[in-house]
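Per Swiss-Prot, the features are as follows:
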| type | residues | note |
| --- | --- | --- |
| SIGNAL | 1-57 | signal peptide |
| DISULFID | Cys78-Cys143 | disulfide bond |
| DISULFID | Cys84-Cys116 | disulfide bond |
| DISULFID | Cys91-Cys176 | disulfide bond |
| DISULFID | Cys93-Cys141 | disulfide bond |
| DISULFID | Cys101-Cys132 | disulfide bond |
| MOD_RES | Trp112 | tryptophylquinone |
| DISULFID | Cys133-Cys164 | disulfide bond |
Amino acid sequence: MKKNTGFDSGIEKLARKTASKTGRRSFIGKLGGFLVGSALLPLLPVDRRGRMNEAHAETKGVLGREGYKPQDKDPKSCDYWRHCSIDGNLCDCCGGSLTSCPPGTELSPSSWVASCFNPGDGQTYLIAYRDCCGKQTCGRCNCVNVQGELPVYRPEFNNDIVWCFGADNDAMTYHCTVSPIVGKAS
């Protein structure tokens, strides 16, 4: 048998000292906690509001940010002021209205919010977009406006999520979106 070198004997002493002071179960428990904690770290919420002015969202949809000029005359148009951050079919074109779902659909209990400028009175209003669920997608008046949209890690400000979860009677199928005013934002 070869004689241990200084490095080997140092590691052996450290291992024996650690083994005499800690039990195997304690070590395995701490190791397991560390591994689980490391795996769950990316799931923690991230708030990046301080860097919002650096965000450059991709311009997509019917109207780009540069060309978006809200109007207050035609609620069935994608540039109607209440639709500044809508992503989906307007219920106005599907048998409903700005604030009510078409017959045969149910209002989702969840919503996403945006603040939209009304050119008619010069005020900014808080809009709580809510999906109407329970029928197949309407497919008329599809608008994809991204003004004020934030990434999915801020879901209450993201319009890419189908908000039909939580609807009664398992009505999880998206049909259209309503745009009720919650109050003044300014």
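Cβ atoms are placed via backbone N, Cα and C, with glycine included.
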Margin query: Between the Cα atoms of Cys84 (disulfide bond) and Cys133 (disulfide bond), what distance do you get, rounded to the nearest Å?
Written below: 21
Next item on the list: Indicate whether Cys164 (disulfide bond) is helix, strand or coil by DSSP.
Entry: coil
Item checked: Those recorded positions, out of Cys101, Trp112, Cys116, Cys133, Cys164, that come within 10 angstroms of Cys141 (disulfide bond) at the Cα -> none
Item checked: Cys164 (disulfide bond) to Cys78 (disulfide bond) - Cα separation in whole Å -> 22
Next item on the list: Name the secondary structure element type, per DSSP in three states, that contains the residue listed as 'tryptophylquinone'.
Entry: strand
Next item on the list: Take the C-alpha atoms of Cys78 (disulfide bond) and Cys116 (disulfide bond) and report the distance between them in angstrom, rounded.
Entry: 13
Check: Nearest to Cys93 (disulfide bond) in three-dimensional space, by Cα, is which of the disulfide-bonded residues Cys101, Cys132, Cys133?
Finding: Cys101
Margin query: Quick check: in three-state DSSP terms, what is Cys91 (disulfide bond)?
Written below: helix
Notebook entry, point to check: Closest of the recorded positions to Cys143 (disulfide bond), Cα to Cα, picking from Cys91, Cys101, Trp112, Cys132, Cys133?
Noted result: Cys91
Checklist line | recorded positions clustered about Cys133 (disulfide bond) [Cα within 10 Å; pool: Cys91, Trp112, Cys116] | finding: none
Next item on the list: Sort out for me which one of Cys91, Cys93, Cys143, Cys164 has the most neighbouring CB atoms within 10 A, since those are the disulfide-bonded residues we care about.
Entry: Cys91
